[in-house]
Amino acid sequence: ASGSYHPFYNGFYYNHIMNDNDDGQDKVDYFNGARLVVETSREPVYSYNGANVTLPCHYRYEPDLGPKRKIRIKWSKLRDDFTKEQDVLVAIGKTYMAFGDFKGRAHIHQPSRHEASLVITDVRLNDDGKYRCEVIDGLEDENDVVDLRLKGIVFPYQPPRGQYRLNFHEAEHVCQDQGAILANFNQLFQAWSEGLDWCNAGWLADGTVQYPIRLPRKPCGGVHLAPGIRSYGPRHRHLHRFDAFCFSSALKGEVFYLDRPAGMTLEEAKQSCQDAGAEIARVGQLYSAWKFLGLDRCSAGWLADGSVRYPIVTPRANCGPAEPGVRSFGFPSKGRFGVFCYRER
C-alpha cells in the first residue's frame, strides 16, 4: 500500500471515478472516517395474528457525525435459509414505499434520531419469519436481522378421506381452509418442546416432511432413538403424500358453543351459527380458542370441515384421556351434535 500512488485517508478508499472535467485524471471518493453500525433485537420479537408489532432497528456512526444525514432504509423478509428475500419497505427521509402484502400495513417508526424501526399493523400468519434492516449511506451499507415470531399453536391435520392423502400444495390449502397456514420448523419445534407427540409424518412450509416424538416407540422411528423431531427431509411436492402440520395464532374473535336438545346435523349447525350472527368455526379457530382463551367444553360439536371435536383444558371423567387437548370424533357421515361457532369481536 505504501508504494501506491493513490492517496489514502485513514487507510481506506472506496472507488476511483472520473472527475467532472473528464480529463482522464482519477479522483478518489474517500471513506468519511466514521463507521456505520446497524443493530436490531438479539431476542425474537413476539406478536400474534391481528396485532400491531414494531421490529426495532437503530443505527449510529462511530464516531458520531452530528446532525442526521439523509440515508436510505430498506426492510426485507428472509427465507430460513437466507437464499431469497421479499421486499417489505424502502424509505428515504419521510418518503417510503411498501410492497406486496405489506402495502398499507408497514411504515417506518422514527421518533428519534438514528431509528429505522419497522411497524407492521394487522399482523398475519405469513408475517412470521426473519427480517433484514438495511441502512445505506452513500457507499456504506450495513444491516442486521431480527426474528418475528407469532404466538400460536401447531396441530396435525388429516382430511376426511384419511391418512397420508395430501401432497404439498393440497396441504397448504387444507391449512388455509382451517384458518391456519403450514407450520415452519421453528413452530413445530416449539410445539414439540411444549409436549406435542405425533407419530404421523406431515408437511412443513419448506417442503420437508417431519413429525415430533416425545416418547420414543417402535412404530415412530424405534425405541432406541432419542426424543425429537424425526425428518424425512424434502419430498416431491406433487407426487408424495402425507398429512399436514398447520399453525394458527391467537384469535381476533371468540368461539362459542351452541346446542339443541336433539342435536343438529351439519347443515343445521351451520344455519344455527348464522342465526347467531357468526359462522361455523374452523379447526384452527377451535385450537386457538382452546390454547389462548381457555375454551373447555366436554360436549362434541361440528366444525366447518365436517369433523366433530371438543376442547378440554381440565381433564376429567367421561371427557377423554388424562391430558388436556382437542378431542376428535373424526368425520361422521351422520349423527346429531352441537356446534362451535366463531364470531369476530
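Here the Cβ of each residue, glycine as well, is placed from N, Cα and C on the backbone.
Out of Cys199, Cys246, the record in TrEMBL bonds Cys220 through a disulfide to Cys199. Cys199 (disulfide bond) and Cys298 (disulfide bond) have their C-alpha atoms 25 Å apart, to the nearest angstrom. Comparing the disulfide-bonded residues Cys199, Cys220, Cys298, Cys319 by how many other C-beta atoms lie within 10 angstroms of each C-beta, the top residue is Cys220. Per-residue pLDDT, averaged over the domain 'Link' (153-248), rounds to 96.
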